[in-house]
Structure formats: structure tokens, C-alpha cells
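Peer 1: There's a structure below that I have some questions on.
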Amino acid sequence: MSLGYAEKLSFIEDVGQVGMTEFFDSAHVLQDKIEQLAKLIEKSRHLVVFTGAGISTSCGIPDFRGPKGIWTLQREGQPLPEASLPFHRAMPSMTHMALVGLEKAGILKFVISQNVDGLHLRSGIPREKLAELHGNSFMETCPSCGAEYYRDFELETIGLKETSRRCSDEKCGAKLRDTVLDWEDALPPKEMNLAEKHCRMGDLVLCLGTSLQITPACNLPLKSLRGGGKIVIVNLQKTPKDKKASLVIHGFVDTVIAGVMELLNMKIPPYIRIDLFQTILSQSLSSDKKFVNWTIRIASVHGLSAPLPFIKSIEVSFSNNQNYKEATLDTQPFLLKRRTVLTETFEIFLNLKFSDGCGCLNTRIEIPFNFQDSIEGFKLDKNATLEKMRDAAIEDSKCGQNAVVERKTVLVPKSETTVHAIVTNVKTFDYQLSNGDMKPIKEGLNGLKTTRKQRSKGRKRKTRL
């Protein structure tokens with residue numbers, strides 16, 4: 001989890017058992033258990049996955065209760081572990097993306113997570129198939145109309161407090177709240193009810209990377225037992241629910257899920273991250289009408305006052321035939337003011353320098369400048385544009401691709417706001433197991449195809465970027 005999140009939690013003396021001993025199944029036993037799990041998943045008709053902090057440790061996010069967990073080290077008086085990446089740049093693990101593959105194949109029906117890192121949503125699990133019991137550090141919600149806003153920056157508060165932003169719905173405008181629970185906060189009924197519903201429907205509940213200690217969430221998987229369902233636990237530590245499980249696997253979650261996907265003859269989809277930002281070019285005539293006073297601002301799509309965490313600095317230059325002075329913008333808000341002759345036309349070049357955690361160092365955006373030209377606004381099919389960018393990133397095996405998604409224009413005073421999309425991360429997964437003992441079965445387990453017709457996703461929640 002985020003170290004910032006742990007520090008924001010109210011202090012309590014008893015956080016449960018920490019410093020838990022890790023156990024590892026032998027290679028032969030692990031292989032046998034992975035094969036059992038693959039068969040259970042292949043036969044399941046309503047697979048539910050229940051995840052904890054252990055699913056995200058390979059993403060560079062420390063857990064809480066392990067030997068090097070946050071609460072373990074706090075109790076021992078040792079320095080807290082350092083995250084290998086900024087929290088907002090953490091990328092989904094192999095397991096996160098394998099779950100996406102299982103969901104797209106119609107096998108995985110629902111995900112229940114105790115994590116606040118937002119990686120299930122970022123990986124591509126549909127919002128309507130996800131219950132985030134403890135909230136999401138990047139999600140704020142409107143208490144009035146229920147709209148959700150998924151941000152690219154970590155929210156400044158936890159504990160369901162008001163944030164500094166308001167609902168963008170003109171008919172609403174209520175103050176937004178963060179969604180992350182503090183110790184004394186009750187689990188959100190909407191999320192809890194969905195989680196209970198799917199656990200009761202589940203014929204297989206797969207628990208990944210969780211110690212199953214925090215109540216009442218830890219009791220959710222048990223609800224599948226009443227209907228004849230089975231529980232499988234994959235965790236390095238023993239849990240209080242092990243005796244209720246049909247299968248307990250002590251091994252790294254990524255290793256186990258990689259083996260399952262290999263046996264199911266299913267590919268793990270790549271992770272492609274696309275970030276958005278906006279450029280705002282404002283122009284006005286000087287009093288003598290000989291010059292144009294103009295300002296260009298590079299800002300977050302979440303609001304002018306919102307942080308833009310994935311851009312470190314911006315180098316501004318101009319077309320070769322211009323003698324305008326170049327500039328470097330290295331503090332937010334990224335803003336440049338200039339005056340040019342009315343009749344001049346040129347290109348503004350923005351060389352965006354990305355922050356740590358992005359897969360490439362920089363990319364360049366070109367913005368045409370012509371005060372006397374009238375530019376019309378437009379709005380492209382955002383989803384189609386982003387899908388083309390993902391396909392290009394996968395084919396090129398690199399990031400940095402960018403595209404314009406939307407442009408809004410105002411005639412008086414003249415301004416144009418353009419929304420840009422940039423591929424900032426490309427991560428593919430090679431899950432060939434090192435021991436070479438497991439071989440994919442071409443036809444799927446028991447000679448059956450593993451893809452199933454995907455059911456209707458039903459009513460979707462309002463989640464906004």
C-alpha cells in the first residue's frame with residue numbers, strides 16, 4: 001500500500017498479527033496445487049476473486065503484515081520501506097492483468113479488493129465488476145448524485161472527508177469526498193452488498209495475497225460455502241480461514257497465477273497506460289491592435305488547480321523561422337505568456353519531460369498559432385481513439401504515442417482548449433515458468449475450450465475522468 005495512506009490512518013495500538021512467518025510449498029507440491037487450481041477455475045461457472053495487499057507487492061507497494069510490512073516495521077521501531085515508484089505511477093502486476101484476461105474471457109465474474117491502490121480499476125477490470133471495500137486512493141465521489149471521479153493523482157485526504165473539488169454536473173455541484181476508509185469508518189454498503197451477493201453466487205472464491213484478518217471483509221469468502229462453493233487461498237502466510245478452504249497454496253501470487261494461465265492456454269494481456277492533459281491557448285489583441293498577447297497553459301484534465309503528476313517539466317520552443325526565446329517550465333502551474341505580431345503564424349513545440357515511473361523520458365506536442373485563423377472545436381470518439389493508441393503501443397512495443405481527443409473553442413475572448421492523450425507506460429508479461437515442468441494444454445484442460453461467451457455487463461456506474 002501507499003506509505004502516505006498508512007501515515008494518514010488514525011493511530012490504533014492493535015492492528016492485528018504482524019511479522020507473520022512466510023511459508024513456501026516445495027516445487028513439486030506447488031506445481032500440483034497450481035494444476036488443481038487451474039482445473040477448479042476451468043470448471044467454475046461463477047468465479048469470484050478476493051484480493052489483498054500481497055497482490056501488489058510485486059508492483060513495488062509494500063504490504064502491511066509480512067516480515068517487511070509497514071506495520072511490522074513500525075512495531076519493531078525500524079524505518080519504513082521505501083516504495084520503488086511514486087504511488088501514482090505503480091503499474092498492475094502480472095496477476096492484475098491475468099485477472100483482466102479471465103474477465104474478458106467471461107470466466108471471472110467479480111473482483112473484491114481490500115486494497116486502496118486502484119490497480120484493479122487501472123488494469124481494466126470494469127467498475128461494475130469490482131467492489132473496493134476499503135476505497136480507492138485515486139477515487140472521489142459525489143455524496144449528492146453518486147458520480148465517481150477517477151484521478152491520476154493520489155487524493156490528499158482519507159476518511160471520507162471533503163476534498164477541494166466539486167461535482168462537475170451543473171445540476172449538482174456538491175463538494176466531493178474521498179473514498180478511503182479510516183479505522184472507524186464502516187464498509188460502504190453499496191460495495192459490501194455487491195461483494196456479498198457475488199460470494200453467495202460464487203462456486204469458487206479465490207483469495208489472493210490476503211491474510212484474511214480484517215473483519216467483516218475476511219468473512220465474505222465463507223458465504224460461498226453455504227451454496228456448495230469452494231474457497232482457494234493463495235498466500236505466503238497462514239490465515240484464520242485456511243481450515244475452511246478446499247485448497248491452500250503457499251507461494252508467490254504471480255507465480256501461481258502465471259502457472260494457471262499457462263495451463264489454461266491463455267495469454268496475459270499487456271498493460272498500456274494512457275494519461276490525459278489539456279493545453280489552453282488564450283489570445284487577445286493589444287490596445288493598438290498590432291500585437292497579440294497570448295498565454296499557453298498545460299494543465300490537468302481534472303481541473304486547473306489539480307496537480308499534473310506525470311509531467312516533470314516542459315521545454316517550449318518555436319518554429320525554425322521564429323526568433324522567439326525558448327523557455328523551460330519546471331514548476332506547476334505550467335504557464336507561459338508572450339506577445340507576438342498580429343500577422344505572424346508559427347508552431348509552438350512542447351517537449352514534455354515525464355516524471356519517474358513513466359516508460360519514456362519525453363514526447364513532443366505541436367500546437368499551431370494563428371490569431372487570424374478560426375479553428376473549429378471537435379470531439380472524437382474517445383474510446384476508439386484510445387484503443388487505436390493501445391494497439392499502436394503494443395505493435396511498437398514502446399510508449400510516447402500521442403493524439404488529440406477533443407478541442408473546444410471560444411471566439412470572444414479567443415481561446416482553444418485541447419485535450420491530449422499520451423501513452424506513458426507499456427508493460428508486457430512473459431510468464432514461462434523457470435522450472436519448465438508445466439506445459440500449456442492446447443485445447444484447454446480436459447480438452448475443453450477455456451473461452452466462454454461473455455455475459456451482459458449490466459448497468460454501469462457513473463465513473464468520470
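Positions of Cβ are set from backbone N, Cα and C atoms, glycine also.
Remember, TrEMBL labels are computer predictions, not curated facts.
The domain 'Deacetylase sirtuin-type' annotation in TrEMBL covers 27-267. Positions annotated as active site, proton acceptor by TrEMBL: HIS134. Taken from TrEMBL, the feature Zn(2+) binding site covers CYS142, CYS145, CYS167, CYS172. Per TrEMBL, the feature region 'Disordered' maps to 442-465. Positions annotated as compositional bias 'Basic residues' by TrEMBL: 450-465.
Tell me what's around each of these sites.
Peer 2: Neighbour count (other Cβ atoms within 10 Å of the Cβ, all protein chains): 22 for HIS134 (active site, proton acceptor).
Using a 10 Å Cβ-Cβ cutoff, CYS172 (Zn(2+) binding site) registers 13 neighbours.
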Peer 1: Determine the minimum-neighbour residue: among CYS142, CYS145, CYS167, listed as binding-site residues, which Cβ has the fewest other Cβ atoms within 10 angstroms?
Peer 2: CYS145
Peer 1: Can you list, in sequence order, the residues of the same chain other than CYS142, CYS145, CYS167, CYS172 whose CB lies within 8 Å of the CB centroid of the Zn(2+) site?
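Peer 2: Everything else in range on the chain: PRO143, SER144, GLY146, ALA147, ARG166, SER168, ASP169, GLY173, ALA174, LEU176.
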Peer 1: Round to a whole number and give the Cα-to-Cα distance in Å for the pair HIS134 (active site, proton acceptor) and CYS142 (Zn(2+) binding site).
Peer 2: 17
Peer 1: So what's the average pLDDT for the domain 'Deacetylase sirtuin-type' (27-267)?
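Peer 2: Over the domain 'Deacetylase sirtuin-type' (27-267), the predicted model scores a mean pLDDT of 92.
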